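Remarks on the structure that follows.
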Amino acid sequence: MLALSQTFKGRLLSRPLESRVRHGIHTSVTSQGHGKGHRRTSTTMRSLIMGSPGAGKGTQTKRIAQRFDIITLSSGDLLRKNIMEESALGLEARAYIEEGGLVPDELVVELILKELSTLKGKSWMLDGFPRTLSQAKILDAHLKEESQPLDLVLNLDVPEGVILQRIIDRWIHPASGRTYNMSYNPPKRVGFDDVTGEPLAKRPDDNVETFKHRLDKYYELTRPLLSYYQVQGILRNFQGSTSDQLYPLIQAELETYLN
């Protein structure tokens, strides 16, 4: 396990969070009623899932996709696929990701909108996009042109200390994107993928210093999105420390909304 500097530990404990979870076992959901947002115009649902790096968005979207007829789309997975294929977009994005920065809006927007164009008439959930207010406005404008505005935004609020430990303990199978965590989801054989037996690896950005940089970027650029979507009346906040604490709250919200 990587050792943390006392300075960074202090930052993790002292940084204010909107709706901070003060006790590790506490879970809750807060929301703004549907009446404050737009009226639903179809039986499909267009949604986002938000949360700081390492909050567990990917884990939740997998469970959501298994339970509901919702297509989940991860901007991170799309970017990593392009990087592995060494596409023009992937090569350009690689440098930003390895330095812990955010991929420029124009690159991500081009990728996401292309994917959304194939999902008309279907329910979908975006993970990792939009990350900035400018991206959110571009997405809103695009959906408005299609007369299909966003219906719901799910925000995962997880304590920073919990997130950091997840980052330190996380390993991936590069070819498939399968993710393991030494704390709660370890591989059957340490260091190797359960399915292929191939070696596992760390993501270039899964280290303390890069995490600090990513977190700073998140607060600077992504947190304002919560206010943006709250004003629209479509934001739902979920507080908890583990996937098993959060998922029942999310499932109940989606079932209520879709029914």
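Including glycine, each Cβ sits where the backbone N, Cα and C put it.
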Site co-member for AMP according to TrEMBL, given SER75, ARG80, GLY101, LEU102, VAL103, GLY128, PHE129, PRO130, ARG131, GLN135, ARG203, out of ARG67, ARG214: ARG214
Per TrEMBL, the range holding region 'NMPbind', considering 14-43, 74-103: 74-103
Given TrEMBL lists GLY54, ALA55, GLY56, LYS57, GLY58, THR59, ARG170 for GTP, the same-site residue among SER241, SER243: SER243
Most Cβ neighbours inside 10 Å, all chains, among the binding-site residues LYS57, ARG131, ARG203: LYS57
Cα-to-Cα gap, PHE129 (AMP binding site) vs LYS57 (GTP binding site), nearest whole Å: 11
Per DSSP, three-state class assigned to GLY56 (GTP binding site): coil
Nearest-integer angstrom distance between the alpha carbons (Cα) of SER75 (AMP binding site) and GLY58 (GTP binding site): 11
Secondary-structure category, per DSSP, in which ARG170 (GTP binding site) falls: strand
Fewest other Cβ within 10 angstroms of its own Cβ, chosen from the binding-site residues ALA55, VAL103: VAL103
